[in-house]
């Protein structure tokens, strides 16, 4: 509770305009002379013991009133004292309780209405005790309300439909790593994940020292990968029939639905004031998509309706000690799709389709994914056959977690995860069945008889955040004989190294052919030795390296080192024409997005970024 107490000659107010949280009925205008004005802002931590906070507030007001010998109190809700406000219902209840407690103590009390834009005038008496501010929190020994006890059960379901104890899967596999993390038996591993060094040493991403922790700078090579991953996600959802939108990154907490949805996420939010409005930075794209949906005229014939946004950016105020590399950030890019479904049966069908997309992303990125399916016991009992079907369709065992009761907006969800070099899960694609948000945001359609229907909504990130996808791809390189990216994601797909300056013109001709064929090719024309240039191509993880000299110029045949097929100290080399190489790379990258080089073609023009 934030409290500002002012001993005044008078206070008068007039309610001008309602907000969505407006208290009604109310006293629209009032005045109190020779009064102690108590400006109050009820804060979210007060919910831990609101009765204790009310008691402390009444005591603080009473002590001040006694010192200034004042028997009149105006309780005035004033949200601008805090950027971490409590839920409106709790705030109103607290303010009413303060009013009633003061009246019982013998004070003459008036209370300005909650949730209105109001004009007010007051005249502060100006004596040494006329102004006081207080910050009140629940006492350390306050008894917090007990959380609902939820029982969690874990077991493994196989594609054959059989149920197994999780202990049967305690081996060294990626699936076992997921199980150990979920049931709490994973052994903590020290040190930084592999990708943290790689993201900087390969000049993909760097830290930004003059920004907040967890906000990164993307360098050209990393920006290219990031953009390709975003293009890939867009192509997936367009093929699936989703319609892209773009919505704001910040929202007004005065909107009841926005506040309630944000409040479910707890304290890990960026909140701030914009003028007299309490705002938040989104932690997902659902805020803007849901407000868009509630303003639409939706017919059952439109459903399922799929809406997509590349959330650039979403913000989560993670604990500073938890922020690491690309895995856990405070600002990240989330491909986010929401599907408004006709009914639960329709939602289950869409769930299957979107889960299949999630599995596909693992294959396309070259990262092995494992899965955990979570639902309430009631949902599992009713839809066990359907759950067995999606496990069968997935073709791999899936960890099942059942909850004794629903505590989230979803009744069922699946999380797919890659496993990093330290045997820890990196959660990426997800699909969730949301049965709360349509009601909260007023998203509805009408049946022929006029009945209102608040339909289920699927939340789906087909890839997971772009940063975590890249994290998983980099972590996966520890499992490769020679570290490499999928060719369609490699910043330089082909590097041409002329033996001498006499071969530079021929190298440029090859590079031009490759570029016209939508292949990213550069030329190492620097004044370095041939061996140093070859090592540099390896350090840059170039997919195909061509050294051109007299033999290549005369024959037209190129000797090409293929990184993905090489072994340590044993490069895999093939001989082919430029046309054949173009055909090979075309087949390898078919169906994947393309962007040109983000760095100069001639390496002599490329600066170092780190």
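From the backbone N, Cα and C atoms, a Cβ is placed for every residue, glycine too.
The region 'Editing domain' feature in Swiss-Prot is assigned to 1-144; the stated evidence is sequence analysis. Over the region 'Editing domain' (1-144), the average per-residue pLDDT in this prediction is 90.
Sequence annotations record features per position, and here Swiss-Prot assigns region 'Catalytic' to 194-486 based on sequence analysis.
Among the features that Swiss-Prot reports, Zn(2+) binding site is placed at 286, 338, 459. With a cut-off of 8 Å between CB atoms and residues at least 6 apart in sequence, the same chain places 261, 336, 338, 437, 459 near residue 286 (Zn(2+) binding site), listed in sequence order.
In sequence order, 284, 285, 289, 290, 336, 337, 432, 434, 437, 457, 458, 460 are the same-chain residues whose CB sits within 8 A of the CB centroid of 286, 338, 459, the residues recorded for Zn(2+) being left out. Note on the binding-site residues 338, 459: the fewest other CB atoms within 10 A surround the CB of 459. Residue counts of the region 'Editing domain' (1-144) by helix, strand and coil are 45 helix, 56 strand, 43 coil (DSSP-based).
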